[in-house]
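Feature annotations, courtesy of Swiss-Prot:
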type	residues	note
BINDING	Y39, Q170, D173	trans-resveratrol binding site
BINDING	Y39, Y166, Q170, D173, Q188	L-tyrosine binding site
DOMAIN	364-468	domain 'tRNA-binding'
MOD_RES	G2	N-acetylglycine
MOD_RES	K197	N6-acetyllysine
MOD_RES	S205	phosphoserine
MOD_RES	K206	N6-acetyllysine
MOD_RES	S386	phosphoserine
MOD_RES	K474	N6-acetyllysine
MOD_RES	K482	N6-acetyllysine
MOD_RES	K490	N6-acetyllysine
MOTIF	44-52	motif ''HIGH' region'
MOTIF	222-226	motif ''KMSKS' region'
MOTIF	242-247	motif 'Nuclear localization signal'
Amino acid sequence: MGDSLSPEEKLSLITRNLQEVLGEEKLKEILKERELKVYWGTATTGKPHVAYFVPMSKIADFLKAGCEVTILFADLHAYLDNMKAPWDVLELRTSYYENVIKAMLESIGVPLEKLRFIKGTDYQLSKEYTLDVYRLSSVVTQHDAKKAGAEVVKQVEHPLLSGLLYPGLQALDEEYLKVDAQFGGVDQRKIFTFAEKYLPALGYSKRIHLMNPMVPGLTGSKMSSSEEESKIDLLDRKEDVKKKLKKAFCEPGNVENNGVLAFIRHVLFPLKSEFVILRDEKWGGNKTYTAYLDLEKDFADEVVHPGDLKNSVEVALNKLLDPIREKFNTPALKKLSSAAYPDPSKQKPAVKGPAKNSEPEEVIPSRLDIRVGKVISVDKHPDADSLYVEKIDVGEAEPRTVVSGLVQFVPKEELQDRLVVVLCNLKPQKMRGVKSQGMLLCASVEGVNRKVEPLDPPAGSAPGERVFVKGYEKGQPDEELKPKKKVFEKLQADFKISDEYIAQWKQTNFMTKMGSVSCKSLKGGNIS
């Protein structure tokens, strides 16, 4: 296909869906004369997850544009980065990566014979490369080396020398792989600019750098191999995919920090050029979107329900994962997977003294700062028909701004001056441009006629009074819940409305000093 494209068409394919390009003019000049040589490298650390489909889809674009593409399995980098891959499993993890990356490429129809695969240690241990590492270390400052790796190399209080070497080796890879361009995530930008600064100091040319956006995880933060709850593994079973998507942050009408929408935008749309929302005929039937922004708008306007969005992603994702699961269902690859990533629970613990602060944090209700609030004012969100912007007195000097998706469920007059229950220690986040400083907790019942009701504090409660689960009233709430730790999400899984309309956690009542928290009519409902 590349032979039949003009330089402009090749440029469009190479740069589509990228967040940033450094050296675009040089890229244009090369495309006028010959095919681009580009490489993508991946350190063989944690198990690859579904966000790896983002670079895979770009590799498909590069091949369509006629590029000569190299995939580097950066095994030495995996060890240098605070030994994320211990030396004794380094070779096994590299083999795992090679097999799983090839399976991913095959699942999206990329011909493997057009790619060059190489391991870092195939050339990084040579005399010439080692000498260049020493040459580079003589001109690079400690400050620049640490700054370059800040977004990629694990940050610790006392950095190891190996982590400071990491950016320099990645820069040298561009020369030793004989490429025109390096492709990676925007989190690599500081390493890319480091390479642009220091390669010329060794007499080597500055390369082009192509950067794709980072995909938020299911919790709204960056999707990470080291955060189990934030990502879907390529070998996760269908039931695990369903479970993780069910827990994913996907608030009605909220397109900010929405990991499910982000996955559609950055993974599913580039691969298929369309996305189908699967839903019952009574809700309008299936709908096909050929432009992501149309889907985002419908979600923001609550035309598309989070449940339908998650179910549709589940179906599309499993179609991508099925060929990979099938390939890894052989005895040889099962054995490789177990050896490369041994189950920590089956490993014998090392005999050491007690570690400081080694006990895991308890996920208990007292960590939530839940208070009685009084709604001072209610207005429609200026940019979202489905959202209210409320000012709520929670016993502080100033009322808090809280954004909630209640327009379709609760009339404005019913909220005005009402006592409500507010979760106050979530990390503030923007919802369609307005920063929300809390969550108004509600009961809800899903189904044909979805119903939502704010929780009611007991009569006589006052703004600022603490809401607690009986038996956990003495614990101290976290100052701010860290999104990565998912404390609220883990506790919320056991929130329920009892048959007596009482809000409960694990069948234990939510209370204030005046009595139990309740809702008007939604027995058996969920709480969010």
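Backbone N, Cα and C atoms are what each Cβ position is placed from, and that goes for glycine too.
Positions of the features from Swiss-Prot, shown on the structure.
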residue : record                         : CB count, 10 Å
Y39     : trans-resveratrol binding site : 24
Y166    : L-tyrosine binding site        : 24
Q170    : trans-resveratrol binding site : 26
D173    : trans-resveratrol binding site : 24
Q188    : L-tyrosine binding site        : 24
S205    : phosphoserine                  : 10
S386    : phosphoserine                  : 21
K474    : N6-acetyllysine                : 7
K482    : N6-acetyllysine                : 10
K490    : N6-acetyllysine                : 12
Top Cα neighbour of K206 (N6-acetyllysine) in the set of modified residues K197, S386, K490:
K197
In sequence order, which same-chain residues at least six apart have a C-beta under 8 angstroms from K197 (N6-acetyllysine)?
D144
Count of other CB atoms lying within 10 Å of the CB belonging to K206 (N6-acetyllysine):
15
When you scan the chain for residues with a C-beta under 8 Å from the motif ''HIGH' region' (44-52), skipping those not six or more beyond its ends, what do you find?
73-75, 78, 81, 84-85, 90, 93-94, 96-97, 100-101, 104, 215, 217, 223-226, 231-235, 263, 266-267, 317, 320-321, 341
Would you identify the secondary structure of K490 (N6-acetyllysine) according to DSSP, in three states?
helix
Chain residues in Cβ proximity to the motif 'Nuclear localization signal' (242-247) (below 8 Å; excluding those fewer than six residues from its ends, i.e. six or more beyond):
218, 229, 232, 236, 260, 310, 313-314, 489, 493
Nearest of the recorded positions to K490 (N6-acetyllysine) by CA-CA distance, picking from Y166, D173, K482?
K482
Candidate nearest Q170 (trans-resveratrol binding site) in space, where candidates are the recorded positions Q188, S205, S386, K474, K482 and distance is Cα-Cα:
Q188
Of all the recorded positions given, namely Y39, D173, Q188, S386, K482, which is spatially nearest to K474 (N6-acetyllysine) at the Cα level?
K482
Nearest by CA distance to Y166 (L-tyrosine binding site): which of the recorded positions is it, out of D173, S205, S386?
D173
Which whole number is the mean pLDDT over the motif ''HIGH' region' (44-52)?
89
Largest inter-residue Cα distance among Y39, Q170, D173 [record-listed trans-resveratrol binders, Å]:
11
Residue counts (helix, strand, coil, in that order) that DSSP gives for the domain 'tRNA-binding' (364-468):
7 helix, 52 strand, 46 coil
For the motif 'Nuclear localization signal' (242-247), jot down how many residues DSSP puts in helix, in strand and in coil.
6 helix, 0 strand, 0 coil
DSSP three-state assignment for K482 (N6-acetyllysine):
coil
For S205 (phosphoserine), the one of Y39, D173, Q188, S386, K482 that lies nearest, given that the recorded positions are compared by Cα:
D173
